[in-house]
Amino acid sequence: MNRGLGGAVVCSLLVLLALAAAQPPSPAALSPAQSASRPPPSPPAARAPAPSQAPPPPAAAQAGKPSPSPRPAPAPLPPPPRAAPTPTPSPSPSTPVPAAPRPAPKPPSSPPAAPAPRQSPPAPRPAPTLPPPAAAAAAPRPSPSPAAPAPRQSPPPAASPPPPAPPQPSSNSSTPSTSSTLGQLSPSFYAESCPGVELAVRDVVRSASTLDPSIPGKLLRLVFHDCFVEGCDASVLIQGNGTERTDPANLSLGGFNVIDAAKRLLEVVCPATVSCSDIIILAARDAVVFTGGPAVPVSLGRRDGLVSLASNVRRNIIDTGFSVDAMAASFTAKGLTLDDLVTLSGGHTIGSAHCNTFRERFQVANGSMTPVDGSMNTDYAGELIRACSGANGTVSAGAAVACDSGSASAFDNRYFANLLEGRGLLRTDAVLVQNATTRAKVEEFARSQDGFFASWADSYARLTGLGVKTGADGEIRRTCSSVNG
């Protein structure tokens, strides 16, 4: 039974193939010009000429179709079947007149703008005109009438879109140029080369902060001193004579051991991959998180700098005696704003400062310290005098005081409330409430910790994007305290 079914199927297929083969070759039904111009849509072509070509003999049809000239005089000329380039005739309005006996000349009335340049070549060399098959394919769309499909040459301009198609792939091929973006910062920069980088740094910072609660404040201060001088390139980590690390403004910096520990771990897991500058950014971010601050996303891909000069520090770093105008000028020069100034000053909510960093706010005379800054809260001034008084009424250089009175171990908005109460430790803190613009922002953050946290995420991203080195600039140090050699 299966054989019978199979035989029937085979027979049906043979019949269909025979019918399909018998239709195209009927020359009496199709004029040579039409059969040459539209090989694929042979069924429509057979229907088209049947009504129009029935009265005259095939030769007459051939003579009418291929006439390349706009005038009816050359009608008796019998060109070869390849005379399909009838679209080429010049679009003179005289041709449509003899369209009564022959509908073929009628189409030239449509403006064949594209074929016009090929007027001379069509008759001598029909071979080059073979590309119009695309036009012939587009011809059936213009009108359902039998004569219209072949001569309708307005589609050729529409067929021009196919040529533009090849250039599109070439533009896609240019997408590999995005490889240049490999030198740009990205949160997923190490996704393939060192996927565990953030976890590794976080674990090191957590362990160090557990052993020494002052570590978060030290790491946050380290990122400020690095990014403001030579950009965020870990130049502050390099040891040696005349390096940034030897400048008096950087002598009190700490947290270097945490960065070195994280680097040693990463060199085991991902050797020569993660930069020391990225480790600083991640470590400071994690320090904020461990003290209750916001977890902000950071972009990675920085490279380590090759230059570290103490002479570059003083002209770039914010001095503790600066006014709002002086700080604003420094921030503006680096592309930061007054809002960034107030927000990033909020980093003083954790950590401590040595007494000699704010000694200009006191006068030491006759073995005693007295405040010279009338904006300082009296009670707070007394606390600082007791904490910083050394032998013989001098300021104890080694003593340290919490930057944020009563909340130095928590990253919160208490710092801004303290400023409004006259309890700012550094002069750069106290002056923020003496300027109308910065005071308004201080008051805003004092009211809303969420507002401070949201602004911190944006300002930290801008700070850590200062002067970064990417691509072929800089290097990936093997040891953070020295350049590769």
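Heads up, the Cβ atoms here are built off N, Cα and C, so glycines get one too.
Automated prediction, rather than curation, is the source of TrEMBL annotations.
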Bond partner of Cys194 - disulfide, per TrEMBL - picked from Cys227, Cys232, Cys270: Cys270
Cys227: disulphide-linked cysteine among Cys232, Cys276 [source: TrEMBL]: Cys232
Cys276: disulphide-linked cysteine among Cys403, Cys480 [source: TrEMBL]: Cys480
Cys388: disulphide-linked cysteine among Cys11, Cys355 [source: TrEMBL]: Cys355
Neighbouring binding-site residues, C-alpha within 10 angstroms of Arg221 (site 'Transition state stabilizer') - of His348, Thr349, Asp404: His348
Model confidence over the domain 'Plant heme peroxidase family profile' (184-484) (mean pLDDT, whole number): 94
For the disulfide-bonded residues Cys232, Cys355, the one whose C-beta sees the most other C-beta atoms within 10 angstroms: Cys232
Recorded positions near His348 (heme b binding site) (Cα-Cα within 10 Å), from Cys232, Cys355, Asp404, Cys480: Asp404
Residue from His225, Thr349, Asp404, Asp412 whose C-alpha is spatially nearest that of Cys355 (disulfide bond), among the recorded positions: Asp404
Of Cys232, Cys270, Asp404, i.e. the recorded positions, those within 10 Å of His225 (active site, proton acceptor) when Cα atoms are compared: Cys232
Using Cα positions only, nearest of the binding-site residues to Cys480 (disulfide bond) (Thr349, Asp404, Asp412): Thr349
